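> Sharing a structure, written as structure tokens. Questions coming.
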Amino acid sequence: MTFRNCVAVDLGASSGRVMLARYERECRSLTLREIHRFNNGLHSQNGYVTWNVDRLESAIRLGLNKVCEEGIRIDSIGIDTWGVDFVLLDQQGQRVGLPVAYRDSRTNGLMAQAQQQLGKRDIYQRSGIQFLPFNTIYQLRALTEQQPELIPHIAHALLIPDYFSYRLTGKMNWEYTNATTTQLVNINSDDWDESLLAWSGANKAWFGRPTHPGNVIGHWICPQGNEIPVVAVASHDTASAVIASPLNGSRAAYLSSGTWSLMGFESQTPFTNDTALAANITNEGGAEGRYRVLKNIMGLWLLQRVLQERQINDLPALIAATQALPACRFIINPNDDRFINPDEMCSEIQAACRETAQPIPESDAELARCIFDSLALLYADVLHELAQLRGEDFSQLHIVGGGCQNALLNQLCADACGIRVIAGPVEASTLGNIGIQLMTLDELNNVDDFRQVVSTTANLTTFTPNPDSEIAHYVAQIHSTRQTKELCA
């Protein structure tokens, strides 16, 4: 038997994990084992919301060392994380300033300023990326305007996964899929857009040309002295998750469900027309030159904050209590900027309901019901937008990532969207990370080849839409009201 041992470092906004994958060539089987799991979260430092990258690096090294201590020969390592955030370095490779998180308020008002000065359509035509107030372009503008004293010291700007790869190897890399989240990469050249960079205030010399997934960045020297290749995987965690989504045919959509929910479809060409701009659709880079045409949805961040504020530890019990409540009594827009990082999420949700003359969710279960129903309805709206954009309906939706373990939300999504939902794999980002490593090691041919492996090894659960559910009736009522308004217009 021929085995490959690959390690995936998968960092999310709320947690990180070091996972060991064992691939058996002859039977094309893939097994995952969690080596080390650790918490991640936001910190307040010198007036900014930041990431503790030193603690994260220590946790990564601890996980890698644990694998080596077991006597396992690692064939390769890959790192994926969230997008848009970065670390600044000087000529000696030392950090400059703080690793500020995207939920910090320093970018307030800058997106509108960019649209006014550069033109919203021109920015979109250049980047193809959705307008979000925390995109890297606005973070860099905030940095250069608010902390000009740092500029003379900056030699390099590395996105988060590239920074950790640099810390392991001493080699710098700017991986393409994550680079596209910055709104600074030109969609036609796959290189940094000089006009957008100029507006951000950043120096182009801070960046190297983006590289597509599949190259070896450098080597990590393990405690036993072995040189282990560190591969540039699809380092944006959603890009990795999409690679591991067992999409079957052109009518399949995906939803990567976690702190963020990202819903979209794969395409060989980007969509940057006026319809896409009006819908605020993003065209993020994917593996093998594919585009991830998708939309960002605030996701389970709202629930995570409620769990924290209410000190709820038993999520299954909460979901069971939530399921017993009637649907669609409390509806909010999860994508409202007010929910990006409020002082108190529970109070913010209640205020949104109060301002729209709805009942106020008071109990833990009512708050969760509000979040689940609102997300499912937003999923239905976004799926409809995506279908209109490409001119073809979807036949199934693949929900991947940690959020796919929420059976209630999966069923609500199926009912609201009126579409078959296939949930799994849970560790999609980790699997996609491993997939690129196996391709780099010449064990697999391409993404489609890897998806066949995922389909036969992952635990998948199907949810069939129930047209008689409360949320399905609510959606039908909304559509009927919209059609009436359109006819009367």
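Yeah, the Cβs are placed from backbone N, Cα and C, and that goes for glycine too.
What Swiss-Prot records for this protein is below:
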type: ACT_SITE; residues: Asp237; note: active site, proton acceptor
type: BINDING; residues: Ala13, Ser14, Ser15, Gly16, Arg17, Thr259, Gln304, Gly402; note: ATP binding site
type: BINDING; residues: Gly83, His236, Asp237, Thr238, Asn296; note: substrate binding site
type: DISULFID; residues: Cys68-Cys222; note: disulfide bond
type: DISULFID; residues: Cys353-Cys370; note: disulfide bond
type: DISULFID; residues: Cys413-Cys417; note: disulfide bond
> Between the two most separated Cα atoms in Ala13, Ser14, Ser15, Gly16, Arg17, Thr259, Gln304, Gly402, the residues recorded as binding ATP, what distance in Å do you get?
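For the residues that bind ATP, the greatest Cα distance is 18 Å.
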> Say you check the Cα of Cys353 (disulfide bond) against those of the recorded positions Gly16, Cys68, Asp237, Thr259, Gln304; which is nearest?
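Of the recorded positions Gly16, Cys68, Asp237, Thr259, Gln304, Gln304 has its Cα closest to that of Cys353 (disulfide bond).
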> Using DSSP reduced to three states, classify Thr238 (substrate binding site) as helix, strand or coil.
helix
> Out of Cys68, Cys370, Cys413, which of the disulfide-bonded residues is least crowded by other Cβ atoms within 10 Å?
Cys68
> How far apart, in angstrom, are the most distant Cα atoms among the substrate-binding residues Gly83, His236, Asp237, Thr238, Asn296?
13
> Judged by the number of other CB atoms within 10 angstroms, which among Thr238, Thr259 is the least packed of the binding-site residues?
Thr259
> Of these binding-site residues, Arg17, His236, which scores lowest on Cβ atoms within 10 Å?
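Across Arg17, His236, these binding-site residues, the one with fewest Cβ atoms within 10 Å is Arg17.
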> When you average the Cβ positions of Gly83, His236, Asp237, Thr238, Asn296 for the substrate site, which other residues in that chain have a Cβ within 8 Å of that mean position?
Trp82, Asn178, Thr181, Ala239, Ser256, Trp260, Leu262, Glu284
> By CA distance, which of the binding-site residues (Ala13, Ser15, Arg17, Gln304) lies nearest to His236 (substrate binding site)?
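For His236 (substrate binding site), the spatially nearest of the binding-site residues is Ala13.
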> Suppose we draw a 10 Å sphere around the Cβ of Gly83 (substrate binding site). How many other Cβ atoms does it contain, all chains included?
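If we count other Cβ atoms within 10 Å of Gly83 (substrate binding site), we arrive at 28.
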> Can you grab the distance from Gln304 (ATP binding site) over to Cys370 (disulfide bond)? Cα atoms, rounded to a whole Å.
14
> Only counting partners 6 or more residues apart, tell me which same-chain residues put their Cβ under 8 Å from the Cβ of Cys417 (disulfide bond).
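When sequence neighbours closer than 6 are ignored, Cys417 (disulfide bond) has Ala376, Tyr379, Ala380, Leu383, Leu397, Pro465 within Cβ distance under 8 Å.
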> Among the binding-site residues Ser15, Gly16, point out the residue whose Cβ has the most other Cβ atoms within 10 Å, with all shown protein chains included in the count.
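Per the Cβ count within 10 Å, the most buried is Gly16.
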> Within a 10 Å radius around the Cβ, which one of these binding-site residues has the most neighbouring Cβ atoms: Ser14, Asn296, Gln304?
Asn296
> Just going by other Cβ atoms within 10 Å, which of the recorded positions Ala13, Cys222, Cys353 has the emptiest spot?
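Taking Ala13, Cys222, Cys353 as the recorded positions, the minimal 10 Å Cβ count falls on Cys222.
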> Within the chain of Asp237 (active site, proton acceptor), which residues six or more apart in sequence place their C-beta under 8 angstroms from its C-beta?
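Sequence-distant Cβ neighbours: Asp10, Leu11, Gly12, Asp80, Thr81, Trp82, Gly83, Ser256, Ser429.
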